[in-house]
Amino acid sequence: MTRSSLFKELADIAKERIMIIDGAMGTMIQREYMEEHDFRGEILKDHDKPLKGNNDLLSITRPDIIYKIHKLYLEAGADFIETNTFSGTTIAQADYHCEHLVHEINYQSALVARRACDDVGAATGIRRYVCGAIGPTNRTLSISPSVEKPDFRNVTFQELVKAYGDQARSLIQGGVDVLLVETVFDSANAKAALFAIRTLFEDEGVPEIPVFLSGTIVDMSGRTLSGQTGEAFLVSTKQGKPIAVGLNCALGAKDMRQFVQNMSLWSDTLILCYPNAGLPNALGGYDETPEEMAEVLREFAQDGLVNIIGGCCGTTPDHINAMYKAVQGISPRVPPADPHAGKMLLSGLEPSIVGPETNFVNIGERCNVAGSRRFCNLIKNENYDTAIDVARVQVDSGAQILDVNMDDGLLDGPYAMSKFLRLISSEPDVAKIPVCIDSSDFDVIIAGLESTQGKCVVNSISLKEGEEKFKERARIVKRYGAAVVVMAFDEEGQAAETERKFEICERSYRILTEEVGFNPNDIIFDANILTIATGMDEHANYGMYFIEATRMIRENLPGAHVSGGVSNISFSFRGMEAIREAMHSVFLFYAIKAGMDMGIVNAGALPVYEDIDKPLLQLLEDLLFNRDPEATEKLLVAAQEMKKDGKKADTKTDEWRNTSVEERLKFALVKGIDQFVVADTEEARQNTEKYPRPLNVIERPLMDGMAVVGELFGAGKMFLPQVIKSARVMKKAVAHLLPFMDAERQANIEKMGLDEDESPYQGTVVIATVKGDVHDIGKNIVAVVLGCNNFKVVDLGVMTPCENIIKAAIEEKADFIGLSGLITPSLDEMVHVAKEMNRVGLKIPLLIGGATTSKTHTAVKIAPRYPHPVVHCLDASKSVVVCSSLSDMTVRDAFLQDLNEDYEDVRTKMCLVSYLNHFFITEHYESLKDRRFVALGKTREKKFNIDWNKFSPVKPSFIGRREFQNFDFKELIPYIDWKPFFDVWQLRGKYPNRSYPKIFDDADVGGEAKRVFDDAQTWLKKLIDEKVLTANAVVSFLPAASEGDDIHVYDPETGNKLDTFYGLRQQSGREHDQSHFCLSDFIRPLKIGVPDDYLGLFACTAGLGAEEYCKVLEENHDDYASIMVKALADRLAEAYAEYLHKEVRVNLWGYSTNEQLTETDLLSIKYEGIRPACGYPSQPDHTEKRTLWKLLEAEKNGIVLTEHLAMLPAASVSGLYFANPQSQYFAVGKIDEDQVAFIYVRSKNVTDYAARKNVPKEEVERWLSPIIGYELD
């Protein structure tokens, strides 16, 4: 095998400087605005499938474009450019029926990139390198594409190996310098790619070139899509010998830092990092500027984290050039010496390190058809669900590796092994640990290796069939990246005595390390634990032989480990489990002291050595060390005595109703059982000796119970729905006590003239949804959780004026005020409340929460208006931490110091330049000076252009408005998107169980999610059957024409203009020929002729009746039910909007009559046309709702607008319908002053937004403040 000189060349450069890899190819291709014919060219002009979007084809059909993009990146400073082959496998190309072109795609892509590198290299005198990009494909080995069949896979390991091998071979033939296996979301796929590449180098004689490997961490959980941590990913793929490893895609640089840092500490290779240009915005675009991204990556470089940096989605040559400049002169990271030298690394979803500090690794033994009759029967009967429970019990009992054996004559071993391993891969609590694939059939071992993404242990190979077969199998195991168990077995048979055991192990070790190239730390010797106490004298020393052989192996074979099947030692005592378990414990005690560091053992059934009865311990040690020839007989007698005595059954049952009243109340609170709480509370109250006052019942047994609830919730052992149910129990108990407490208070006042103002609470919180906003689900949850944690909550409801909030805070002597809001105008109202709190002299902390709020807005806009604590609370649990910290005088100062430093850091990063005075700050950000805006006139010149001569508007089936009253909810159920429902309850699944219904499989929240979902189904049926809610809607279609940035709508009968929807145009700097979008771009212009295009309008609600119904529930202290009803109403409203849009497309407007989309497709927006809402990214101005309401007469359907233009009922949706097939969602983003204020350009009037609407500039700025990109007074 020949090795390229590039290894040394790149290593030398990496010692001198940080290298640069290019940015996004797809982003740059999109900017070329290519059409179908560009992708087809001549070669595919008659192809049977649409090809637009198959970017890899452009290397064949438009190589000029690809060359241009490569050259732009190289001229920007890139050392490496990636070939245009992200989807260049037969598997990915199958979607386009282009499998036959895979060689040409990869070969030509490599040639184009090679030419660009050579040209720029010649011009600059600096050599540039081509990375052959190998993407992940659109299939995964670790995750089933079918929810119903978790063991199903739509691709095999060998199919991926073949596809990756073909791609890599063609890339190398085209002249790439490096192979880059990138965007790895499933380590099993990466292992297939690396397997294919190593096969090319080691078996086909292809000269070896460097390999880079880059994974993708999908979110802040720090895991890949298939669930592995970054460190586990490194362990799983180390056999591919990459010279650089790192991360790309999914995250922006700032969020990627901690994961890159972890990799940097773990890996002795180069580290590469090419993140996205920030996180996607609401419409999937990327907003991070080149300067912002470069500054973050500069910090990576200064901290010694990286050797190669670049960009992924949303990055451009400008980003790469900024990075190139940012790291000039900064020394590259120096890779550390192997941080895990002398240790064995394994992985499941998480890494596992086996070294001296681990002492002993338990290998769970019960998933073995040869060793467990129950497990065998489960597998034979295809009862895999219960079989997985066996695995789960092993892990819960302490197994650190899971042994899986499917060797039974009546089983299809490869099938059973693959199916079981695939099933447990979707069980995070099991899959977190490595697997030991245990079989005497090498085909079963291969099946297992190809069904798991982690680094496994293979159990086993041996010299039984000679050295050649041994080496062949060892090389295969090594290429799959597994560690290996080697049996003390050779051509002469199984070793029993110490010397023979060591002789075979030493010979095997030499072959593996010297001839096969195995890492010594990945070698595990099974020195044969054989059965003692068989009655045969020659077996009596088997225990001692193993222990002595273990000592010799560990002393003479560096790095090697020793393992064995512990239960073999006690096989003579089958049926006497107590004796066997004790024998295993004694054997392990001595074997571990000799150096045995792993063992197949039932981890949950080992007694502690020192807990074994001394007479029994003496007998077992005599037997193990063959010190008493009568030991076997004596042990049998002892076993019979133990059997005669038997074991007392544990008859403990769940009889909580027979416990003390205090324990009953605590149990009811934790479990959320309200059936007996009033009676139990009354029983406690009547015990006046123990609880002289009703308040004492709250302070002691009830608060003791809620303290347990709070602890469990804080530790993540209880979930929000359970907490709310606990609160329901607490509220009922307190409601029962309140009349007695009031009576007591009144009696004290009358008898002694006292004004008792005692409180059992930590503090009082006044909480409200601010004026103009009607959304309260999140606020209600916060109120409940605070109440559960011993805070008195005064809930002022929704649409609460500032003066009412302040008045309530003063009257209630509140310790905190909490403000909530969902819509953007609520942010300004929160600022107003903060100002007023300061004006009237309040000094209590202000808590800010709600979907539209953020820490940045709180720190920059709200906190400076109020010189006392202002805290942004991300969710309900955060509010508890904040209130508790601020209530505890021992931690309050430290908490506030941290908070102030954090907010000051936020303000500094936002480039806040000066304070106006002690309480107020200037809202001028230096960063806004650097923001690149395009003049309004120029943006209009670069509008999104549609060839209107080729577009014939479809006339709707009716013109004017049509109402849909009392709509049948049953028709909406299939359109419900359940993910936001679980978000309401703060139930968020993790890899790969984020979405519905996969969330039910999540190890942490799945059970609770299923319970809440089942409750929702019950409530949904109740709401529908009892006609609690009403769903109304109104839809209107009107003739329309665009004029500049605005859309006029017309009376269908007279042709007179009815009104105008005013539009905002994107104004942030854009590169090359990117369009600046405005909604008016999607409507035929007026200047073309009479209006013959159309605009749709709609408003719908599913919340009529919800507020009244929930009020009754809340009066009955059932917050859980109230939140449930509101959450369901919200989901039904969104479902109604989705249903209406489909009806519009297919029937009412009928511009997409042949649409064949599933509910999933609808939720993924795979249809023609859009329905943007006023106040959202494509038109951020909420005031446009006034025009919409006037034209729709929406009030007739029971939907009204509040003062701040929120919709009431809150469970309502509204917007516009656009039918143009080229219409698309976009975000207006920040706008400059020339789009807001009236100006003149060269005597030509450029009409601005305020002038067109005939509204004062200040009012426009107030409504558009979130997108204003200049300094406001």
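In case you wondered, yes, glycine gets a Cβ from its N, Cα and C as well.
For 7-327, the entry in Swiss-Prot reads domain 'Hcy-binding'.
Cys249 (Zn(2+) binding site) carries a strand DSSP state (E or B). Other Cβ atoms within 10 Å of the Cβ of Cys249 (Zn(2+) binding site) number 21 in total over all chains. The Zn(2+) binding site annotation in Swiss-Prot covers Cys249, Cys312, Cys313 and is backed by sequence analysis.
The feature domain 'B12-binding N-terminal' is assigned by Swiss-Prot to 652-749, with sequence analysis given as support. DSSP places the residues of the domain 'B12-binding N-terminal' (652-749) in helix, strand and coil in these numbers: 75 helix, 0 strand, 23 coil.
Reduced to three states, the DSSP call for Ser820 (methylcob(III)alamin binding site) is strand. Summarising the annotation, Swiss-Prot assigns methylcob(III)alamin binding site to Glu699, Gly772, Asp773, Val774, His775, Asp776, Ser820, Thr824, Ala876.
What Swiss-Prot lists as domain 'B12-binding' is 762-897, and the listing cites sequence analysis.
Feature annotation from Swiss-Prot assigns domain 'AdoMet activation' to 927-1273.
A coil conformation is recorded for Arg1171 (S-adenosyl-L-methionine binding site) in the three-state DSSP classification, outside any helix or strand. Within 10 Å of the C-beta of Arg1171 (S-adenosyl-L-methionine binding site) we count 22 further C-beta atoms, all protein chains included. Annotation source Swiss-Prot lists S-adenosyl-L-methionine binding site at Asp977, Arg1171, Tyr1225, Phe1226, citing similarity to another entry.
Other Cβ atoms within 10 Å of the Cβ of Ser820 (methylcob(III)alamin binding site) number 29 in total over all chains.
Recorded residues Asp773 (methylcob(III)alamin binding site) and Tyr1225 (S-adenosyl-L-methionine binding site) have their alpha carbons 25 Å apart, per Cα-Cα distance. When DSSP labels each residue, the domain 'B12-binding' (762-897) comes out as 66 helix, 26 strand, 44 coil, counted as helix, strand and coil in that order.
Nearest by CA distance to Cys249 (Zn(2+) binding site), out of the binding-site residues Asp977, Arg1171, Tyr1225, is Tyr1225. Per Cα geometry, Cys312 is the residue among the binding-site residues Cys312, Glu699, Ser820 nearest to Tyr1225 (S-adenosyl-L-methionine binding site).
Here the binding-site residues are Cys312, Cys313; the one with the fewest Cβ atoms within 10 Å of its Cβ is Cys313.
The Cα of Glu699 (methylcob(III)alamin binding site) lies closest to that of Asp977, out of the binding-site residues Cys313, Asp977, Arg1171, Phe1226.
For Glu699 (methylcob(III)alamin binding site), other Cβ atoms within 10 Å of its Cβ number 15. A gap of 17 Å separates the Cα atoms of Phe1226 (S-adenosyl-L-methionine binding site) and Cys313 (Zn(2+) binding site). Apart from the site residues Cys249, Cys312, Cys313, the chain places the Cβ of Ala24, Thr183, Thr216, Asn248, Ala250, Tyr274, Pro275, Asn276, Gly311, Gly314, Thr315 no farther than 8 Å from the centroid of the site's Cβ atoms, the recorded Zn(2+) location. For the S-adenosyl-L-methionine site listed in the record, the two most distant Cα atoms among Asp977, Arg1171, Tyr1225, Phe1226 lie 22 Å apart. The Cβ of Tyr1225 (S-adenosyl-L-methionine binding site) has 17 neighbouring Cβ atoms from other residues within 10 Å, across all protein chains displayed.
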